[in-house]
Amino acid sequence: MRRAEVARLIDHTLLAPAATDEEVLALCAEAARLGVGAVCVAPTHVYLAAASTYRSSHEAEPAFAVASVIGFPHGTHLTVIKAEEARRAVADGATEIDMVIDIANALDENWRAIETEISEVRLSVPPHVILKVILETALLPDANIIAACRAAEAGGAEFVKTSTGFHPAGGASVRAVRAMAEAVGGRLGIKASGGIRTAEKAKDMLEAGATRLGLSASADVLAGFPA
């Protein structure tokens, strides 16, 4: 794939707890320069990023989409809190929501609870908003990844996503992406996120079935693809 093609698959990400407004603005400026598909920020930075996307574009359309994380990073917020967090993020300008499931439900194989939680968040935002569901796949065997993906699909998600990037168990893996592709490939998007810092690893994820990449080192990764 060419650099520009890969760039459109990237969610350029800044989720550090101490990220400043200045750093978010720098992220957005870099996103516009690189031609990425979206930025991914904390709910408190959505308004700033959404305003920046139009300042970064010379056209009527925004330069990139704005994604907000929800229930991040542990997924243990009450569902009503996640739904309200999603509503407020959309009101501030987010067009994509990356929600963390209650990961214990995936370990306990409580698929109905996962589906219900996702459905409630899905219903809390307009249909045009893209909902991505973070599974924290490093904690799950393949069978649980597959079942969680199917619960996400039943709940109305548009994407499943590997990882928050914050859990010590690890981030995206080829194993997890392949399991996700087995479960919902061709029907839902698959976002690989967490620990992808080289073009080689990005290529591995795309070959395994990823259709979106969550990256903080976007410039370094893109430099490894042909112009």
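Even glycines carry a Cβ here, placed using N, Cα and C.
Quick look at what Swiss-Prot annotates:
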type	residues	note
ACT_SITE	D98	active site, proton donor/acceptor
ACT_SITE	K161	active site, schiff-base intermediate with acetaldehyde
ACT_SITE	K191	active site, proton donor/acceptor
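Feature annotations (Swiss-Prot) mapped to structure.
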| residue | record | CB count, 10 Å |
| --- | --- | --- |
| D98 | active site, proton donor/acceptor | 29 |
| K161 | active site, schiff-base intermediate with acetaldehyde | 31 |
| K191 | active site, proton donor/acceptor | 28 |
Subject >> Inter-residue Cα distance where the pair is K191 (active site, proton donor/acceptor) and D98 (active site, proton donor/acceptor), in Å >> reply: 10
**OP:** Taking only the Cα atoms, work out how far the residue listed as 'active site, schiff-base intermediate with acetaldehyde' lies from K191 (active site, proton donor/acceptor), in Å, as a whole number.
**Re:** 4
Original post:
Helix, strand or coil: which one is K191 (active site, proton donor/acceptor) in, per DSSP?
Top reply: strand
